[in-house]
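J.: Relevant sequence annotations retrieved from TrEMBL are reproduced here:
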BINDING   Ile7, Gly8, Met9, Gly10, Asn11, Met12, Ala69, Ile70, Lys71, Pro72  NADP(+) binding site
DOMAIN    3-97  domain 'Pyrroline-5-carboxylate reductase catalytic N-terminal'
DOMAIN    162-260  domain 'Pyrroline-5-carboxylate reductase dimerisation'
Amino acid sequence: MKKLGFIGMGNMASAILLGAVKSGFLKGEETVAYDTNAFKLDKLNKECGMAKAGSVQEVIENSEIILLAIKPKIVEGVLSESREALKGKTLLSIAAGWQYSRLRRLVDSSTHICAIMPNTPAMVGAGMTIIEATNDLTPKELIFTRKLFKSLGEVEELSSDLMGIGGTLSGCGPAWIFMVIEALADGAVYHGLPRDIAYKLASQTVIGSGKMVLDTKQHPGKLKDDVCSPGGITIRGVKALEEGGLRIAMMNAVDAAFKKPD
């Protein structure tokens, strides 16, 4: 019996597997996976020793905990077909938009389920994963789950009513930060800085600034003020950003992404 089985091995599932193996939390031989892409399974098998399964049912039968990592549109079909096999099993789902209440309707009452929302920086070990606080996990299963995703970055538990907005911020946020990095770099390139160096400086500046907020626990506004000398170049840049509407643009991005279509 394997400790963890994967149904679907897309980029995020692959990152979870390789992150857990790299951190030493799991051995590749303790995992099994099924995906319609046989080439991907072969690659991961050679890379970390993960066992290959020939079907969804085989993964379920041979795993203590199953990680569902498939496209949201096929979740209902896969779970409906696997309802019997999942009885008494533990299911972790990273399918976008599928929270506990929706998953619960599709599986037997004996199936332990938990909805989880990682983000793409997990692929480089710097992710922000949200675990829905409403779940059926035993204390032992929850510890396993937290350690699994902790190997990919930071972990936070949120109540069901906050999963949507939390997932919007951490899930969509990377795309917006990539835009900020690109814009900062473009500004420097305009003044002659080589693009590869501009991307490196902008990216590390974002990483370091975020780390300062987390490590110092100071308000971002206080840290911003500390950089702005009276009459200096930084405060002139801050004024330009305020005039350009950066603050409200970022707030509107979160609002637009979170709002459900009518």
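Glycine too: its Cβ is placed from the backbone N, Cα and C atoms.
Please go over these features one by one and say how buried each is and what sits next to it.
T.: In the three-state DSSP reading, Ala69 (NADP(+) binding site) counts as coil. Counting Cβ atoms from all protein chains shown, Ala69 (NADP(+) binding site) has 24 others lying within 10 Å of its own Cβ.
Applying DSSP to the domain 'Pyrroline-5-carboxylate reductase catalytic N-terminal' (3-97) sorts its residues as follows: 43 helix, 21 strand, 31 coil.
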J.: Quick one, of the binding-site residues Ile7, Met9, which Cβ has the fewest other Cβ within 10 Å?
T.: Met9
J.: Sequence gap of 6 or more, C-beta under 8 Å: which same-chain residues meet both conditions with respect to Asn11 (NADP(+) binding site)?
T.: Thr120, Met123
J.: Under 8 Å between C-beta atoms and at least six apart in sequence, can you list the same-chain neighbours of Lys71 (NADP(+) binding site), or say none if there are none?
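T.: Sequence-distant Cβ neighbours: Gly8, Ala95.
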J.: What is the maximum Cα to Cα distance, in Å and rounded to a whole number, among the residues Ile7, Gly8, Met9, Gly10, Asn11, Met12, Ala69, Ile70, Lys71, Pro72 annotated as binding NADP(+)?
T.: 15
